[in-house]
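Below is one structure; the comments refer to it alone.
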Amino acid sequence: MNSDDNVEADASSNIIKDSPKIKEQENTSTVNESDVLATSTTASSGVKRKRLPNDLVGQLRDKIQENPNDISSWYALVEEYGSKGKHEELRETYEQMLRPFPYVPRVWVDYISSELAFNDFHAVELLFSRCLVKVLSVDLWTLYLSYIRRINPDGEGQSRSTITQAYEFVINTIGVDILSGPIWSEFVDFLRSGPANSTWEQQQKLDHVRRIYQRAITTPIHNIEKLWRDYDAFENSVNRATARKFVAEKSPVYMAARAAMRELSNLTEGLRVYDFTFERKYTKVERIAYSRWMNWIKWEQSDPLDLQHGTMLQNRIAYAFEQAMLYVPLCPQIWLDGFSYFLSISDEQRALQTIRRGMRYCPSNFVLHVRYAEHEEANNRTSEIRSTYESLIAALAREISQLDSKASSSSESSTDGNPQEKKLPEHLVKRKSRLVRQYSLAWCCLINAIRRTEGVKAARAIFTKARKAPYQSHEIYIASAMMEHHCSRDPVIASRIFELGMRHFGDVPAYVYKYLSYLIAINDETNARALFEKAIPRIAADEAKPIYQKWLDYESNYGDLNAAIALSQRMAVVYPQESTQAIFLSRYGLKDDAEEEERETKEAEKIRELSVRLNGGNGFPGHVHNNREDDEVSIASTSSKSNVEMEDTRLLPASLELANTQGASNPPTSALPTVPVPLPSIITEFLDELPAPQVITGPRIQPTKLIDHIIKSDIPFIRLRNANAHLKRARFN
């Protein structure tokens, strides 16, 4: 058992020792979290044997061995043993089932219920000690309360005290859950039903009931409205004179909790299901589910109950994280955010437990492992750094191997009799490419970590091991070469490593570009020129352009002019779509003026089109009347149609209004130059306050259609005094 398992076991022991009737046993077995992703439920992995048609148990075990995460096969096996009353086989099956599912509430509830059915209370208490504080599920904790009440009759004084302690234990742990309402109600009913043999005992009882009521009505739970009515009736039954005072004091927090309950109910409705607990599906529905879980956590972090960053707020946020970890444990973001949150509240122990648990559920997740390793290294704890990276590398290699196996099986399933190329669907090809890159980056991270903690010599040994690995990309060679250059200050070794990588990645543009840049940086012109001439024929022209440009820049700035001209002519042949002038200008970091002018012309045309629409169809700004009052702008018009057009622009600044007061003295539209009209300051200020376009996820609005609709709409004209000031005031109110 590793360190965080010991910590969790100790915490479980302390709480359960304080809870009634459950004593922690020294030899109690705890959940072995290293078996979370067990690859098999049997020790042997021999050839699959043929089963008889009536051998249902054997068939189910074969299915489980093929896919340990097949929860339906597990439950079919449980049902088979349960229907035949085979207690030991049933118990063994549940224990095997807990290896891949150590935190699934349903499994623990069913396992404990089966032991209760056989009246094995000792086994039940051991199971509760293993799971209770690790699995924060209302169903599991309700079962715990039922067990406590079952073994403690209400009539005895000590039993009542034990049950009271159990209820306090439960509501302190999961009382923030919106589904915990029935537990609060049961606790209140239990307290109110208790005997009181003296005035002092009666007062103690009333105070206890009041305290639980007041906690319940400030918690967003489903039955909060009923509890509020019950609390009101309770206070009035005790003392009408003080009832109004108590109720008035709690009314504001109750209203806030009720509003929060409604929001939380919408957020969590249908959320806690097992559809995404056992296997990643990489579907849109799964992404939506993950997003909903994140929305719940963000909602709790927004502090809707105005708890002011206290312990209660931290408990609520932590509980939301715990629920997400139970139901969507294969979502890496949950573990990363949980780790960051617990660190932010200075709870490093819980943060480490969270990220270690996440690494077991997501063994091939790059970010989780690197984040953990860097945290440990930053805190001078280096014992687990190497093993963390090595486990990540092994997990990524397994995933890549599984994808290769899929490709092999698809090629073998060819029906035309011809050997078929190993081929994966496009989305799996992309996934494999991403995994291979992460695999290489994991080696790079390990090399750097070992160099920092053990020295360059140890890092070289890691590189030697990495370049012999079955899956690799060019990043490994780049990382090792640059380490030698910067840390050993030996460009010769770095160049040798780069050259070694050329054997495998000489046709990879990114690798050649990096190698060429390095040779230029160390002023090795001879080898740089040789590399360029050797690599260019092996790379497709469309991918080689950055390499051409890099060498052209070097020749233009530091080489021979004739060589630069010759290379420019060579590029003109390779890239006929590029103009000779554009290639020439690129030597000086400039762009083709013709292309720039074309772009600027298009932008100016767009501005002119906008100004035409803003001016009601006329392509020029008219004469401006500068009257003292903003709303006393007189506009001479010769037709009712022009009056309507003027009304459409009435609230714009005068610089955009068409003034036609001079009648025939004004030149015709075609006689005036069409120039871009600057937007009014009030509009530019408004545009500055709008969010960036990339954050808008809703339907897009077509601006031109919107302007057309506004222009064509029959909007009644309202003359306002100081219209500009009115508009500004309306925006800020």
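Here the Cβ of each residue, glycine as well, is placed from N, Cα and C on the backbone.
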Swiss-Prot annotation (region 'Disordered') - matching range among 1-45, 46-90: 1-45
PLDDT averaged over every residue in the repeat 'HAT 6' (312-344): 97
Cβ-based contact of the repeat 'HAT 5' (269-302) with the repeat 'HAT 1' (85-117), 3 or more pairs under 8 Å: yes
Per-state residue totals over the repeat 'HAT 2' (119-150) - DSSP helix, strand, coil: 24 helix, 0 strand, 8 coil
